[in-house]
Amino acid sequence: MEQKEAVVIVKNLVIGIGIPKICVSITGRTEEEIYNQAKKIKEERADIAEWRMDYCEKDFLFSKSKEIIGNIVEILDTIPVIATFRTKDEGGEQQIEQLCYIKLKKKLMMESRADLIDIELSTGEAIVKELIEYAHCYGKKVIVSNHDFHCTPSKTEIKERIDKMQKAGADIAKIAVMPKTGRDVLDLLEATMEVKKKEIRIPVITMAMGNLGKVSRISGEIFGSAVTFGSIGEPSAPGQIEIHCLKQMLDVLH
């Protein structure tokens with residue numbers, strides 16, 4: 001039996017039903033670049049902003065993250081903010097030791113005004129669960145994510161990873177893959193549709209990256225992906241579509 005839509009509400013934004021919400025990443029390396037990008041995101045009326053903290057030096061992050069996120073939130077007003085440190089292994093700008101990663105995440109949960117915190121599934125089941133519980137204690141919602149920049153796992157594996165995210169306590173599950181064939185894209189879309197229909201009780205974000213996967217970035221309303229990542233200027237991941245074009249495509253398919 002098909003279940004009711006699962007939603008997460010952040011700052012009155014309902015994630016999980018209707019047209020996929022558009023998220024744009026902030027990838028500035030300096031405070032000036034960060035704030036200028038945040039202003040553009042507000043001007044272009046994206047639904048969600050993600051601060052990609054891995055674009056900044058780690059020492060800088062530990063000393064300034066609370067202040068910077070506070071300023072981003074002030075600029076964006078009602079637009080929810082995701083705090084993300086994407087590790088090198090999952091397509092990020094730099095690697096980070098696990099203890100440092102955990103410390104940074106807990107600092108964000110405890111001190112910052114971020115609305116959502118991204119935690120990578122590859123951090124390990126026990127640590128992911130611990131961090132989610134910690135986040136929830138401080139009223140933060142958690143996106144548990146997994147990014148495969150080398151290939152597309154089997155449809156069964158994609159579904160199992162999403163299931164692990166839900167069982168860990170994620171508020172939203174996110175998985176991104178790199179397709180090499182059209183069949184890979186279809187596997188991702190089918191896996192998304194199947195988990196949304198039968199197994200998963202939280203919003204799901206999925207995407208196939210690169211040019212081959214662009215169709216997955218516009219078809220979320222059909223197959224069940226709640227959020228799509230667009231770009232303003234330089235994309236933060238391969239295959240992202242410029243926000244104006246993305247809005248038009250989503251409207252056409254709605």
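Note: Cβ is positioned from N, Cα and C throughout, glycine not excepted.
Annotated features in TrEMBL:
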type	residues	note
ACT_SITE	His147	active site, proton donor/acceptor
ACT_SITE	Lys174	active site, schiff-base intermediate with substrate
BINDING	Ser25, Glu50, Trp51, Arg52, Arg86, Arg217, Ser236, Gln240	3-dehydroquinate binding site
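Annotated features taken from TrEMBL, shown on the structure.
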{"residue": "Ser25", "record": "3-dehydroquinate binding site", "contacts (Cβ under 8 Å, 6+ apart)": "Ala49, Glu50, Trp51, Arg52, Thr84, Phe229, Ser231, Ser236, Ala237"}
{"residue": "Arg86", "record": "3-dehydroquinate binding site", "contacts (Cβ under 8 Å, 6+ apart)": "Arg52, Asp54, Gly92, Glu93, Asp118, Glu120, His147"}
{"residue": "Lys174", "record": "active site, schiff-base intermediate with substrate", "contacts (Cβ under 8 Å, 6+ apart)": "Asp118, Ile143, Val144, Ser145, Asn146, Met165, Val204, Ile205, Thr206, Val227"}
{"residue": "Arg217", "record": "3-dehydroquinate binding site", "contacts (Cβ under 8 Å, 6+ apart)": "Met207, Thr228, Phe229, Gly230, Gly239, Gln240, Ile241, Leu246"}
All-chain count of other Cβ atoms within 10 Å of Gln240 (3-dehydroquinate binding site):
22
I'd like the Cβ neighbour count for Arg52 (3-dehydroquinate binding site), meaning other Cβ atoms within 10 Å of its Cβ, all protein chains included.
22
Need one number for the 3-dehydroquinate-binding residues Ser25, Glu50, Trp51, Arg52, Arg86, Arg217, Ser236, Gln240: the maximum pairwise CA distance in Å, whole number please.
20
